[in-house]
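First up is the structure itself, then whatever we jot down about it.
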Amino acid sequence: MGTFTLHQGQSNLIKSFFRNYYLNAELGLPNDMELREFALQPFGSDTYIRHLSFSSSEELRDYLVNRNLPLHLFYSSARYQLPGARDMEEKAWMGSDLLFDIDADHICKLRSIRFCPVCGNAITSEKCERDNVETLEYVEMTSECIKRGLEEARNLVEILEDDFGLKPKVYFSGNRGFHVQVDCYGDCALLDSDERKEIAEYVMGVGVPSYPGGGENAPGWVGRKNRGINGVTIDGQVTIDVKRLIRIPNSLHGKSGLIVKEVTNLDDFEFNEALSPFTGYTIFLPYISIETEVLSRNIKLNRGVPIKIESSIGIYLHLKNLGEVKAYVR
């Protein structure tokens, strides 16, 4: 049984789903895309292709569909004079957007299981000695955890708008959290890493004192502290990095098959199948027996027993390592 291999990018069926999506996808590209570095992780590879440059959406689409189909797709938060240069100094940095990353799994304690895809047994090590294969890990993302991440995004937006006068945009990351982005020009774009660190620490509540009185409706941190908000849980390194890569809006996340989607109304966001572009049904073959929450639905899988299920769910389960999509059923 040692011949078993698995890679998220090995399935030709999954590749066909992604390729068909990118044939017509309207990617959310910046209006200065010719100044941005593009990067991607292609199917069948663990490494990124970087230092790409495109001048139009048509040129980018042709590259993605006909040359390197992406499992993950990015552009740089930075603008460069020569974005395609391989040397970072040669690129000549011109400024960057301001980014914040909220990972729901940093907020919640999530259920995870490591298992052998051949025998289906739960195994704590990275290899199943009996079947001589690498084990896989599944982490259950719940709707409740996503809701908590959304609340963090809501608090962050309030701080950026009220305390800094900025106009942030919120994006569902396509997997387990939210990205908050401020399109920066002028002085904002030229903030260095130290200045961005100060902003990150401010929104995290680092060094912000408690203020007596004022009530919950008081402005700024006075009101927030009285509402029990002591800071926003973000990945500070993302904000500090002036050359960070951003997932392209309306691209697909290769660990879920869900769309990286702008959330224009935080009250309307739901973690469900509508985040997937895939329609129809698939035949899914589970590696293990498990009951789990998937896109706000409870799903029961039995090891080795094929199940007909919506493509949105089947592709999600496949990319989460729980089994394989074996066929597409219209």
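Cβ atoms here come from the backbone N, Cα and C positions, even for glycine.
Sequence annotations record features per position, and here Swiss-Prot assigns active site to ASP101, ASP103, ASP235 based on sequence analysis. Among the features that Swiss-Prot reports, Zn(2+) binding site is placed at CYS116, CYS119, CYS128, ASP131, with the record citing similarity to another entry.
Feature map: annotations from Swiss-Prot on the structure.
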residue	record	DSSP (3 states)
ASP101	active site	strand
CYS116	Zn(2+) binding site	coil
CYS128	Zn(2+) binding site	strand
ASP235	active site	coil
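Shown are the active-site residues ASP101, ASP235; of these, the residue with the fewest other Cβ atoms within 10 Å is ASP235.
Over all protein chains present, the Cβ of CYS116 (Zn(2+) binding site) has 24 other Cβ atoms lying within 10 Å. The subset of binding-site residues (CYS116, CYS119, ASP131) lying with their Cα within 10 Å of the Cα of ASP103 (active site) is empty, i.e. none.
Other Cβ atoms within 10 Å of the Cβ of CYS119 (Zn(2+) binding site), summed over all protein chains shown, number 15. Counting every protein chain shown, 17 other Cβ atoms lie within 10 Å of the Cβ of ASP131 (Zn(2+) binding site). Here CYS128 (Zn(2+) binding site) comes close to CYS116, VAL118, CYS119, ASN121, GLU134, THR135: these same-chain residues lie at least six apart in sequence, with C-beta atoms under 8 angstroms from its C-beta. In this structure the alpha carbons, written CA, of ASP101 (active site) and ASP235 (active site) are 6 Å apart.
The Cβ of ASP103 (active site) has 19 other Cβ atoms within 10 Å, all protein chains considered.
For the pair ASP235 (active site) and ASP131 (Zn(2+) binding site), the Cα-Cα distance reads 38 Å.
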